[in-house]
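Straight from Swiss-Prot, the features:
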| type | residues | note |
| --- | --- | --- |
| ACT_SITE | C632 | active site, glycyl thioester intermediate |
| BINDING | A478, D504, R515, K528, D576, N577 | ATP binding site |
| MOD_RES | S2 | N-acetylserine |
| MOD_RES | Y55 | phosphotyrosine |
| MOD_RES | K528 | N6-succinyllysine |
| MOD_RES | K671 | N6-acetyllysine |
| MOD_RES | K980 | N6-acetyllysine |
| REGION | 1-47 | region 'Disordered' |
| REPEAT | 63-199 | repeat '1-1' |
| MOTIF | 5-11 | motif 'Nuclear localization signal' |
Amino acid sequence: MSSSPLSKKRRVSGPDPKPGSNCSPAQSVLSEVPSVPTNGMAKNGSEADIDEGLYSRQLYVLGHEAMKRLQTSSVLVSGLRGLGVEIAKNIILGGVKAVTLHDQGTAQWADLSSQFYLREEDIGKNRAEVSQPRLAELNSYVPVTAYTGPLVEDFLSGFQVVVLTNTPLEDQLRVGEFCHNRGIKLVVADTRGLFGQLFCDFGEEMILTDSNGEQPLSAMVSMVTKDNPGVVTCLDEARHGFESGDFVSFSEVQGMVELNGNQPMEIKVLGPYTFSICDTSNFSDYIRGGIVSQVKVPKKISFKSLVASLAEPDFVVTDFAKFSRPAQLHIGFQALHQFCAQHGRPPRPRNEEDAAELVALAQAVNARALPAVQQNNLDEDLIRKLAYVAAGDLAPINAFIGGLAAQEVMKACSGKFMPIMQWLYFDALECLPEDKEVLTEDKCLQRQNRYDGQVAVFGSDLQEKLGKQKYFLVGAGAIGCELLKNFAMIGLGCGEGGEIIVTDMDTIEKSNLNRQFLFRPWDVTKLKSDTAAAAVRQMNPHIRVTSHQNRVGPDTERIYDDDFFQNLDGVANALDNVDARMYMDRRCVYYRKPLLESGTLGTKGNVQVVIPFLTESYSSSQDPPEKSIPICTLKNFPNAIEHTLQWARDEFEGLFKQPAENVNQYLTDPKFVERTLRLAGTQPLEVLEAVQRSLVLQRPQTWADCVTWACHHWHTQYSNNIRQLLHNFPPDQLTSSGAPFWSGPKRCPHPLTFDVNNPLHLDYVMAAANLFAQTYGLTGSQDRAAVATFLQSVQVPEFTPKSGVKIHVSDQELQSANASVDDSRLEELKATLPSPDKLPGFKMYPIDFEKDDDSNFHMDFIVAASNLRAENYDIPSADRHKSKLIAGKIIPAIATTTAAVVGLVCLELYKVVQGHRQLDSYKNGFLNLALPFFGFSEPLAAPRHQYYNQEWTLWDRFEVQGLQPNGEEMTLKQFLDYFKTEHKLEITMLSQGVSMLYSFFMPAAKLKERLDQPMTEIVSRVSKRKLGRHVRALVLELCCNDESGEDVEVPYVRYTIR
């Protein structure tokens, strides 16, 4: 359960997206990790190549060029409270050149509310010095240094990026002016209780190489007019997706060849399939074809200095329901800095005197402000709330703002993605109690314990409640690690009766270390759940966490049974697939438990909160299915590298996995052939032919046989099959309407000639031969020279294209052909298969595709097979990195997004634990840190249904006691009668899971037999499975008619049997 893809694209409000202070002086102390880490890894920067094994998932977000620029950037993080340590953690994981931690303050009790690398024994010690060795463990490529001296100009000039957190405004302005004048990029971040602030100044001339990080789009051209401007029309298979202002280039245009290889040209979109370009009136006539591709053109952006931007700010809106709030908070934060400067402390929690003083200061700041930022009506209630919570320090707010700030540091270093221009303000006031009278100054007083920063905001009652919570965390990957860290900081399950149960059956891999920050290199191969649990116990020794290694699903319902779920207060998903998410959603709906759902995809993330009897569930809305590639496109007419990579994956399965599995079943299961013959379409023929090939026609005895097979297969796929295709459809073939057959999405292929000196050809043979040998338990070889020499002696039969071979042009044609099977051929195959008795002890070894092991030949085969086919069809090839992304279906991931998303999840957790009942208190969220874009909306209410005058939602059900007072169980007849008398509903169909227990069209004899049988006996008979002892109730689905005979929609039945 590692990286977690976006669970769903959620509805969001708003328009479409467009692109403690360091006050105690101390002696300067400089402690540095060795320049070459002790594990022998080289430092980042030009000295070393990128470690693709470690940075794999992040590279799919940033790309190699941005990653290289990141590795040449030294970063200073000033302020090592909760926010500073979050930012430092994320940029160290990200792989910058070096990080220096600066803090002149000592650890206080309140810091432990969110500073996860401080421990209780560190109270009174310098925060930077204590944090340095723990942060240095995160990434051995990044030297981490602690510095406790003043921020003087000579010191600052050694950094490419400076990050200030929890810093007085006076120091911000001084450092900001110096950085702006010297071309040093500046990020200022601050959190105050439920409020956050972020500012960026990346200089007067920053080059932005890619504003959104999306893959460049491409489309096929069907027409270009000779006009001023020329109008391009794309094939209507799919919308082109371009926007006005994009730059594009053309290739493979026939006729109007002037477009090919031209400089990127700006376009204006006219419609979903059309756009205009330059003056084409003097170009040649367009004939056919062409590919238009989006080109990312670097552009310059300019930032104002902190002092200038403070007076005339530009804001990024985080919540369109709070559109005017950033300008109000801009005034409020300036007033707060004045208050802290005058008193040496923030306003006291819930203190009315301090709140009134902050309001007065804010009014004075507003009065002095320039007209552009001056507020006609200062929101005094908002400023008062800022005063109430400003002394607080919350881990979820720090996680959110820290994730954003770290992403801005990466933008500053790499020039990749659009920076925040220039101020961002955020608040989560919905987390406060719905009853405004609950919190008092006494309840929010500091108690000299690790939760002081949180108690200052929410009071001691919520802290006690958090400690007693019992939560089930499903997954200990990237999101799971961040959730556990936040749980430990806020004190979830840390008190009497509290507990966190985390389950994950995966082990730790090297590629996890870049974002699953609870794991270290020495943890590789250990279980994720055990390791993560041990790591958070170091962060908060009071946390009561139990680790499991179980997959959630029907198979583990004896473990996660009624007792288990009924004892829970809620569930948090940290899953990486939709099926498991939907399963957990069903369980939470059934047991009526809150569910916290989230996911990430690169720089995108989403959060959904599911509240019993209030919101819809996760499964209530679903994304449209992903568009699949037509089979005929894969088999005969590819036009994109995605097509050849999918073809290569299918080849892998069809050569090295499925035949071996089928052979083993044939040899061990007497009913295998009988079962195979019952398969649909041409599947029986395909399966039995594969078994025959594996056991008779192509069974190798030696390594040399495997190399010969690989060479022959190369000729079949890249020469013979292409020649047959061109025999059926010659390059000059016309369709019935007179148009060229090879046009539009159909690219005319050409056969390849095998060349042992071509590295790609030899790559294919080496990989295919080794994998083929492995399926037979034979020993392979990595000696390329020996294989190359042997290949010169391999005799390849001459191939002549045959007449009468049917090649299907469309999937519809293929389906029609598959409807008929040659029975005589099937009988012939059955007769030629060797008897299993004649092969005692023989078995084959199916290979499961594993993308992350570079020594197993899996990706070698995929890359070679795909790129050779791409060469057949003149499709641009893909390198190993891109091929692994597409063929391995890798989910791009980066630590910054994960941190920000989990921060939002835990803000919803505060509301769930308090029991908020107003729908608008909750926030579903969507973000894209690359744009940057933030969208929040209140969850949708659970849809309401009705039968008679009875309203119901997905959270309602019929409760039926299966055991009657006399101890006997209800029969089917009694069950039907119960609904007719109690609910005036006539059941027409009744099912349990996939088993149909009753229907009105059931044969009379079967119905008569079942009516007098107990319900559980019917379930066991129909499902052919005995009910486990852990099963206390069954879920039954009904189709019903009302008294007038009309169909009515009704809830499910919870039928209790124990």
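Cβ atoms here come from the backbone N, Cα and C positions, even for glycine.
N577 (ATP binding site) has a Cβ environment of 13 other Cβ atoms inside 10 Å. Ranking the recorded positions Y55, D504, R515, K528, K980 by Cα distance from C632 (active site, glycyl thioester intermediate) puts Y55 first.
In the three-state DSSP scheme, the residue listed as 'active site, glycyl thioester intermediate' is classed as helix. The two recorded residues, N577 (ATP binding site) and K980 (N6-acetyllysine), have Cα atoms 41 Å apart. Taking the Cα atom of each, A478 (ATP binding site) and the residue listed as 'phosphotyrosine' are about 14 angstrom apart. Cβ crowding, taken as the number of other Cβ atoms within 10 Å, peaks at D504 among the binding-site residues D504, D576. Around the residue listed as 'phosphotyrosine', taking its Cβ as the centre, 26 other Cβ atoms fall within 10 Å, counting all chains. Note on the recorded positions R515, K528, K671, K980: the fewest other CB atoms within 10 A surround the CB of K671. Note: the repeat '1-1' (63-199) comprises 56 helix, 34 strand, 47 coil (DSSP; helix = H, G, I, strand = E, B). Of the listed recorded positions, namely A478, C632, the sparsest CB environment within 10 A is found at C632. Classification of D504 (ATP binding site) by DSSP places it in coil, neither helical nor stranded. Comparing Cα positions, R515 (ATP binding site) lies closest to Y55 out of the modified residues Y55, K671, K980. Max Cα-Cα distance over the annotated ATP binders (A478, D504, R515, K528, D576, N577) is 18 Å. Taking CA atoms as the reference points, K528 (ATP binding site) and K980 (N6-acetyllysine) are 52 Å apart. Taking the C-alpha positions, the distance from K671 (N6-acetyllysine) to D576 (ATP binding site) comes to 37 Å.
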